[in-house]
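Following: one structure in structure tokens, then a few remarks.
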């Protein structure tokens, strides 16, 4: 029992934070918001997967990837390809010159389903692909980079270039990928209407459940010996290497795991929003994911969920009413977070709430004062 | 490559080669500034493209001012606008370093985020000031037209001009970095900051002027850019990734490597564009670059300096 409490939930404050988050996304949002707004929240929460992957990779691993959009996009595209094939059954596409293939292929004079689309007609294969393809891609990149001790700034730039390559490739190969518009008009999942209200609620809850699972799983990884080593690598890589550990393998693992987490977010995005396009793959979305993580707190798995919600909520509100102001605000946020609160919202919370809580506790129970602080795992580790 | 005779292929390579030279010039000018900032100071300046746009907009502004108030001056304004672009972009770079960058030297990944924020702010400022549409200055007559080298090959004059400008700037940077005492101080600061401080070099001042110089050169790149394409608020961000690739591929601290890699990237891109679509040419070029960098992470010409 105490194993579960300490390792999975992260001790007292970690468990409390998770509980508050769960109540907020599982109870408060569905009760307080209408279907449309809830769907929007669901969309934001899929970005939180990518932001969480950056907590693992960047906050704890010290390796900044500017290409989490790659994996978010790969996951999303795998799901979208399955849904698109289902939507392009020969009956639905009878008016095309070649029935049975996706409409954008028909527009681009392609008469046969390309080989890499074929297996995506199976749901089981699609789920496996979402879990394996992005992680495998991350493994290849990771082996090539980390084994040769490429890290830091160079890793960031190269992941960014890979994101550019993938975006240009998707936009350029319109016949195979749907081009700049992406894969659209996704309506049914195994014959079940995805656009209905009940489906939207179900997807939202699945999304939340996956999000909480990922938080718990990540906590488990971070509180294990592996997590300790990861932090040690971040702070003094050479010393860990000289102690006899193969640093590259640890980085490769966390990079693959981060890719997997982002891919799950991407797949859930496609299910909830009903399309996938290259605008969620390239440089800008990838950097936005970094800002979600930075605003939420790069060391806090729960903080980044709030960070993601806050930034996206701000983006939706501002870009509706003051589109001009939004970019100024976003740019200002970047600078302010980096310069004034490098630990983001979670850091601010720790800084102000912990002393306050202590004061309150001291008032209630004046006898128990000299107790050592019971701050969360995350602050103990942060510098 | 079937279907083309050798003569035609030669002409294609020559023509695409010359159009690649314009791209090479802009990439090199951008990359020189970035190589100074990134290679010498270790700062990742994601706003570098926007400093180029500052130079381009300066040229545009000067061109419309000249056209309205001193039409007789039109043939000569361009030379002044190059200087103006350098000064204005340089001053903005100086301010950016003073306000923002100098607090972040110990955290290179954070400079990346902060300068990305700066680039967003600058992009939106361009959009608010000059509108979302792309603009281009009225070029003087002597920049237009082409020089017919043979009956199959035409060499655009603006390309030649930009190439010459790039040559002058590159030589200037070489002189400044490797022959002047200021360059010696910059290189000393790069190699050992504490020691340089100990022998009396004001390293903070050196940082500020190095950054300003890099941004100023980006401004010149912007002025050169206006001769080959029009400028919009997001023009800078289109080139930033390519420029970073040039710098990383060339070896961050090597100016010679920067020239070689700008040339090979621009030429590969430009010649491939003739045979396959331009998006695939870009994919192919970048992919090969990433592959090479996987095997040679330190770039083509790594500096032999011990760190």
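We count from 1, first residue shown onward.
Heads up, the Cβ atoms here are built off N, Cα and C, so glycines get one too.
Just so it is clear, the model here is predicted, and its values are computed rather than measured.
Which of A:81-107, A:243-269 counts as transmembrane segment depends on TrEMBL, and there it is A:243-269.
Transmembrane segment is the annotation TrEMBL gives to one range among A:33-52, A:53-72, A:153-172, and that range is A:153-172.
Remote same-chain partners of the transmembrane segment (A:289-313), defined as residues 6 or more beyond its termini with a Cβ less than 8 Å from a stretch Cβ, comprise 14, 17-18, 21, 25, 41, 43-45, 47-48, 50-52, 54-55, 58-60, 64, 66, 68-69, 72, 211, 215, 218-219, 262, 330, 333-334, 337-338, 342-347, 349, 378-379, 381-382. Counted over residue pairs separated by six or more positions, the transmembrane segment (A:15-32) shares fewer than 3 Cβ pairs under 8 angstroms with the transmembrane segment (A:325-349), which leaves the two as not touching. Using a cut-off of 8 Å between Cβ atoms, the transmembrane segment (A:123-146) and the transmembrane segment (A:243-269) share at least three residue pairs, counting only pairs 6 or more apart in sequence.
Below 8 angstroms of C-beta separation, residues 291, 293-300, 302-304, 306-307, 310-311, 314-315, 318-319, 378, 382 of the same chain, each at least six residues beyond the ends of the transmembrane segment (A:325-349), sit close to that stretch.
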